[in-house]
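> If you scroll down you'll find the structure; I have some questions about it.
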Amino acid sequence: MKETIVAQATAPGRGGIGILRVSGPLATEVAQAILGKCPKPRMADYLPFKDADGTILDQGIALYFKSPNSFTGEDVLELQGHGGQVVLDLLLKRILQIDGIRLARPGEFSEQAFLNDKFDLAQAEAIADLIDATSEQAARSALKSLQGEFSKKVNELVDSVIYLRTYVEASIDFPDEEIDFLADGKIEANLRSIINQLEDVRAEAKQGSILREGMKVVIAGRPNAGKSSLLNALAGREAAIVTDIAGTTRDVLREHIHIDGMPLHIIDTAGLRDATDEVERIGISRAWTEIEQADRIILMLDSSDPESVDLSKVRSEFLAKLPSTLPVTIVRNKIDLNGEQASESEQSGYQMISLSAQTHDGVKLLREHLKQAMGFQTGMEGGFLARRRHLDALDKAAEHLQIGLVQLTEFHAGELLAEELRLVQSYLSEITGQFTSDDLLGNIFSSFCIGK
């Protein structure tokens, strides 16, 4: 028999309204015990909520949803009372006294809904993402995921892969046919079409991941290059202390900002040099740790100092020490001191922006550059949020499609192509939960609120 669970569905603490949710086959029994009757399905009823001895604990609205026409797909009872935590705790305690009722685990209501096919795994995750959204665009994209925008794209890919698998396996099972299916070009054309289709979804998912998680951008450079001034300019407030004394910043400073809905984690670090002071050395060590973990580096140069902007020295002192895959944007700061105009250019393979963090001249250029560098498009229609596990699954699917293409075009190996397509289907299906381990489900739903 399925279990019946209960939890507070509203946030803990004081509020105008507090809601308890009961889900499972004993929901009607809870209604009889607390309300003296079970409300008609989907009809609000204003009733007293009673303790075991008949004492009225609260009064409010009771709603009953009969399976399968509920959020979880089970019988659901919602008690909407006053939002005092003491009152809600008393009512919750009373419900838990009823045999067969237990407190819900975090995310268990959503887990019930997923297991009852009310939505798929990507949609379930979108519930948590909608709650946690930190910007209007992130909230809109989470809602699109909840409505199935992401799942629809993934399911279309899965359908295309299944169709191609069927065609490939037919060519293997019927080798005596006069037509060589592997060589007639149709399979290769379909395979390349799926690869292109997947690339479009990956690009959109990458933007969705940016919206959800943000990008970590570290500002680095020599002391007194204007790193803290740039942090303040991007943050729009005096987040960091700025002086003419080199080495003022000795620890890591973090600011969370939004650029047209794109979340950025901006990190100001200690100036990089050979320090003799122990505290400054610790700060520089922490700076390098942040640099190694960054998604992008903003390398600050002092344009008023000819030695500072010598790219050959910059390359040996700094750029050569970075991971080769780490993207770098070079910023020539302090153009207000030499009369330069704000500009954007490319030098030696690096994007370079000339600006003044002091006067903010050119800061807008940097903001636009960061948006473009992250692959972010303002106001993108049909966007959805994506998690790291979604990107990983899409990346693995893309990798096996490319392997399959090689097996087809270079080795004419139908059996190996069929196996690669099977793996692609498996990775894509992990996103929506069609093929998902119990451990993964546990990790996902345990991150939800208790009442979700």
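Here the Cβ of each residue, glycine as well, is placed from N, Cα and C on the backbone.
Worth saying up front: this structure is predicted, and the values here are computed from it rather than measured.
The (6S)-5-formyl-5,6,7,8-tetrahydrofolate binding site feature in Swiss-Prot is assigned to Arg21, Glu78, Lys118, Lys452. The K(+) binding site feature in Swiss-Prot is assigned to Asn224, Thr243, Ile245, Thr248; the stated evidence is sequence analysis. Positions annotated as GTP binding site by Swiss-Prot: 224-229, 243-249, 268-271. Taken from Swiss-Prot, the feature Mg(2+) binding site applies to Ser228, Thr249, supported by sequence analysis. Taken from Swiss-Prot, the feature domain 'TrmE-type G' applies to 214-375.
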> With Lys227 (GTP binding site) as the reference Cα, tell me which of the binding-site residues Arg21, Glu78, Lys452 is the closest one.
Lys452
> Measuring CB to CB from Lys118 ((6S)-5-formyl-5,6,7,8-tetrahydrofolate binding site), give everything in the same chain under 8 Å that is also at least six residues away in sequence.
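Non-local contacts for Lys118 ((6S)-5-formyl-5,6,7,8-tetrahydrofolate binding site): Phe71, Thr72, Gly73.
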> I'd like to know which of the binding-site residues Arg21, Glu78, Ala270, Lys452 sit within 10 A of Ser228 (Mg(2+) binding site) at the Cα level.
Ala270
> Give the number of CB atoms, excluding that of Arg21 ((6S)-5-formyl-5,6,7,8-tetrahydrofolate binding site) itself, located within 10 Å of its CB.
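There are 25 such Cβ atoms around Arg21 ((6S)-5-formyl-5,6,7,8-tetrahydrofolate binding site).
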> Could you state the whole-number distance in Å separating the C-alpha atoms of Ala270 (GTP binding site) and Glu78 ((6S)-5-formyl-5,6,7,8-tetrahydrofolate binding site)?
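Ala270 (GTP binding site) to Glu78 ((6S)-5-formyl-5,6,7,8-tetrahydrofolate binding site), Cα-Cα distance: 54 Å.
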> Can you give me the average pLDDT across the domain 'TrmE-type G' (214-375), rounded to a whole number?
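Overall, the domain 'TrmE-type G' (214-375) comes to a mean pLDDT of 87.
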> How big is the gap, in Å, between the Cα of Glu78 ((6S)-5-formyl-5,6,7,8-tetrahydrofolate binding site) and that of Asn224 (K(+) binding site), rounded to a whole number?
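Roughly 60 Å, rounded to the nearest whole number.
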> When you look at Arg21, Glu78, Lys118, Lys452, which the record names as binding (6S)-5-formyl-5,6,7,8-tetrahydrofolate, what is the longest CA to CA distance in angstrom?
18
> Lys452 ((6S)-5-formyl-5,6,7,8-tetrahydrofolate binding site) to Asn224 (K(+) binding site): how many Å between their Cα atoms?
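Here the two Cα atoms lie 49 Å apart.
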> Note down the number of other Cβ atoms within 10 Å of the Cβ of Glu78 ((6S)-5-formyl-5,6,7,8-tetrahydrofolate binding site), including every protein chain shown.
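Glu78 ((6S)-5-formyl-5,6,7,8-tetrahydrofolate binding site): 21 neighbouring Cβ atoms within 10 Å.
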> For Ala270 (GTP binding site), just give me the three-state DSSP call.
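DSSP call for Ala270 (GTP binding site): coil, neither helix nor strand.
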> Would you kindly give the Cα-Cα distance separating Asn224 (K(+) binding site) and Arg21 ((6S)-5-formyl-5,6,7,8-tetrahydrofolate binding site), rounded to the nearest Å?
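Answer for this pair: 57 Å between alpha carbons.
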> Where's the emptiest Cβ shell within 10 Å among the binding-site residues Lys227, Lys452?
Lys452
> Measure from the Cβ of Ser228 (Mg(2+) binding site) and count the other Cβ atoms within 10 Å, all protein chains considered.
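Within a 10 Å radius of the Cβ of Ser228 (Mg(2+) binding site) lie 24 other Cβ atoms.
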> I need the most crowded of these binding-site residues: Asn224, Ala270. Count other C-beta atoms within 10 angstroms of each C-beta and give me the top one.
Ala270
